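S.K.: Let me give you the structure first, and then I'll get to my questions.
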Amino acid sequence: MMKLAEIQAACGVLCVDLAAVVDNYQTLARHVAPAQCGAVLKANGYGLGAEAIAPALYAANCRIFFVAQLSEGVALRNILSADAMVVLLNGVMPQAMPFCCAQQITPLLNSVDQVMTWLALQEARSQRRPVLIQLDSGMSRLGVTPEQLARLAAIFRQRGWAAPDYIISHLANADRPDHALNVYQHTLLQQAKKAFPTSRYSLANSCGMFLHPAWREDLCRPGVALFGVAQPWFSTPLKPAFTLTLTILRVQDVPVGTPIGYGSTVTTTRPLRIATVSAGYADGIPRNLRPPAGVCWRGVRLPVLGRVCMDSFMVDASAIMPTSGDVVEFIGVSQTLEEVAAACDTIPYEIMARLGARFRRIMQPAEA
């Protein structure tokens, strides 16, 4: 009888090195000190498995965790100690705020109405929850405007509140160090300090942590950097923290003129050896995956042929002699996450966030 792990591995194996995640966190925390270093684990920890990653980071003294949705917050709250703050970046609707209080989950307040509702709710409680407000300094996504934040200062004074615990904003171009908007957004955050001089402030995401030290403020929020995703200009090396391997389902030699895949977008112009691989776009393999990306067999690159299917895709294995059941690397040493993303005209974030539930996930312990 097959074990569940063997059944799941039939699609592919996603191996997460928790020791590397922890090492990256500690490296980043040292880099931004004395600022506090949190951890962004939205989208199931960027597709890798937040419920295993969060406790490992907590053991490494991370005490503030960011997710996007309420369901993600509940999942983390259930496994983290009470002294860990769980913050919802998307905030919540007013009707969900009492539930957040009961669950010790902190929504990031993204409008004046949300701030007013949250303050009123806390004033009726014996134990007040933290107040975190998002400032829209240049994303035009979520948060109060600078003008609204200035008006909120008067409201706080009228209601007897000193200040929000945190005012948080988000850089729109942190991956472009010389972009003028970075300076503009930082300037708006400095102006916010006139209204709330005693609040703590947060601006830097993964890339923002490697801009000028002033951008680090009181709290930094690394996300993909925890998993080794870095820009070439980062001053501190990070460790890749996961690999994804797939399985060859079939190997077939085909003659000239053989159509391959949906839409027959590729027709062979020479005899080829085609290998069919065990995952597809239902598992997060981008449908628009293009050569030179594909898979790697013992370090040899096998480029994709034709369109990725829902549950499989084909590669050119003419240079080797693989067999059905062989394990091939999709993300790892021989084909990096960044190379896969570039071949799909996207970013590493998207590739990670789309990693599917059908993969077997192996968590290598941080103690190893």
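Heads up, residue numbers simply count up from 1 along the chain you see.
The backbone N, Cα and C atoms fix where each Cβ goes, glycine too.
Okay, these came from Swiss-Prot:
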- LYS42: active site, proton acceptor (ACT_SITE)
- LYS42: N6-(pyridoxal phosphate)lysine (MOD_RES)
- ARG141, MET310: substrate binding site (BINDING)
- TYR262: active site, proton acceptor (ACT_SITE)
S.K.: To the nearest whole angstrom, state the Cα distance for the pair TYR262 (active site, proton acceptor) and MET310 (substrate binding site).
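M.R.: Computed Cα spacing between TYR262 (active site, proton acceptor) and MET310 (substrate binding site) is 10 Å.
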S.K.: What does DSSP assign ARG141 (substrate binding site), in three states?
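M.R.: Note: ARG141 (substrate binding site) is coil by DSSP, not helix or strand.
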S.K.: Return only the integer: C-alpha distance in Å from ARG141 (substrate binding site) to LYS42 (active site, proton acceptor).
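M.R.: If we compare the Cα positions of ARG141 (substrate binding site) and LYS42 (active site, proton acceptor), the gap is 17 Å.
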S.K.: When DSSP states are folded down to helix, strand and coil, where does MET310 (substrate binding site) land?
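M.R.: Its secondary structure by DSSP: coil.
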S.K.: Between the Cα atoms of MET310 (substrate binding site) and LYS42 (active site, proton acceptor), find the distance and write it as a whole number of Å.
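M.R.: Given the Cα positions, MET310 (substrate binding site) is 25 Å from LYS42 (active site, proton acceptor).
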S.K.: Ten-angstrom check, please: count other Cβ atoms within 10 Å of the Cβ of MET310 (substrate binding site), all chains counted.
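M.R.: I count 13 other Cβ atoms within 10 Å of it.
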S.K.: Check each residue in the chain of LYS42 (active site, proton acceptor) that is at least six apart in sequence and keep those whose C-beta is under 8 Å from its C-beta; list them in sequence order.
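M.R.: LYS42 (active site, proton acceptor) has long-range Cβ partners PHE66, VAL67, ALA68, GLN69, GLU72, LEU89, GLY223.
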S.K.: Neighbour count, 10 Å Cβ-Cβ cut-off, for TYR262 (active site, proton acceptor): what number do you get?
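M.R.: Result for TYR262 (active site, proton acceptor): 12 other Cβ atoms within 10 Å.
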S.K.: Should LYS42 (active site, proton acceptor) be counted as helix, strand, or coil on the basis of DSSP?
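M.R.: For LYS42 (active site, proton acceptor) - judged by DSSP and reduced to three states - the answer is helix.
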